[in-house]
Amino acid sequence: MSSKLIAPSILAADFANLQRDIEMINDSEADWFHIDIMDGVFVPNISFGMPVLKAITTHTIKPVDVHLMIVDPDRYIKTFANLGADNLTVHYEACPHLHRTIQAIKAEGMKAGVALNPHTPIALLEDIIQNIDLICLMSVNPGFGGQSFIENTYSKVNQLKKMINKNGATTKIEIDGGVTNKNAKQLIEAGADILVAGSYVFKSKNQTETIKDLKALANS
Ligand code: DX5
Ligand code: ZN
């Protein structure tokens, strides 16, 4: 059984053919749908909101991994649960009461994720690691697809993996931004569990094959 997961990011899909692209992922070897919600405040871009997410989750047959790049995410936790999110990831930098936010996500029956911007130190999670189901390490500055991978991510994955093991936690490590076949293997070797890939999947000629190859690489 494969244990490393691939989560294509819908941000890079063809929004005029969203159902087609969702069905491609349903039929592929991908494990999760990664859905980026941006508010134009926390990040300098706006992606899409609730009605589009609702349309997406009508067609998905795999877990839906929602990445919130928004300020004050606590306001919408119940809404995202009702819209069909399985994982809800909030940004460390957007949550002054992170412990409370994580409890609220779990109380709605979702897995709780915390994302870190590239400049945010891993050590800030030491006192809360036991409570977090998923840590999303941003390997680009959040807000846009198609950016270049930041190399310092490998060392952050290493540090985070050590922290997880030291604390006996079961937290999974997700990498988001600039993931391709060039860095996938090294990320997994450093300790990553889930690879998000947007442009690399959707800009490729044969998307199903690209997902299959990335999955094989991650589990080789
Ligand atoms: C960036 C988003 C990512 C993005 C990744 O802010 O969080 O999920 O879609 O896209 P690529 O794989 O193109 O870097
Ligand atoms: Zn994302």
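Backbone N, Cα and C define each Cβ position, glycine as well.
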Exercise for the section: For the divalent metal cation site that TrEMBL lists with His34, Asp36, Asp176, give the additional residue from the candidates His59, His67. Expected result: His67
Handout entry: Additional site residue, Ser9, Ser28 [criterion: listed by TrEMBL with His67, Gly143, Phe144, Gly145, Gly146, Asp176, Gly177, Gly178, Gly198, Ser199 for substrate]
Key = Ser9
Exercise for the section: Mind giving me a neighbour count for Gly143 (substrate binding site)? Other Cβ atoms within 10 Å of its Cβ, every protein chain shown. Expected result: 18
Practice task
Compute the mean position of the Cβ atoms of His34, Asp36, His67, Asp176, which form the recorded divalent metal cation site, and then list in sequence order the other residues of that chain whose Cβ is within 8 Å of it.
Solution key: Ala7, Ser9, Leu11, Ile35, Asp65, Val66, Thr89, Cys136, Val196, Gly198
Handout entry: For the binding-site residues Ser9, Ser199, the one whose C-beta sees the most other C-beta atoms within 10 angstroms
Key = Ser9
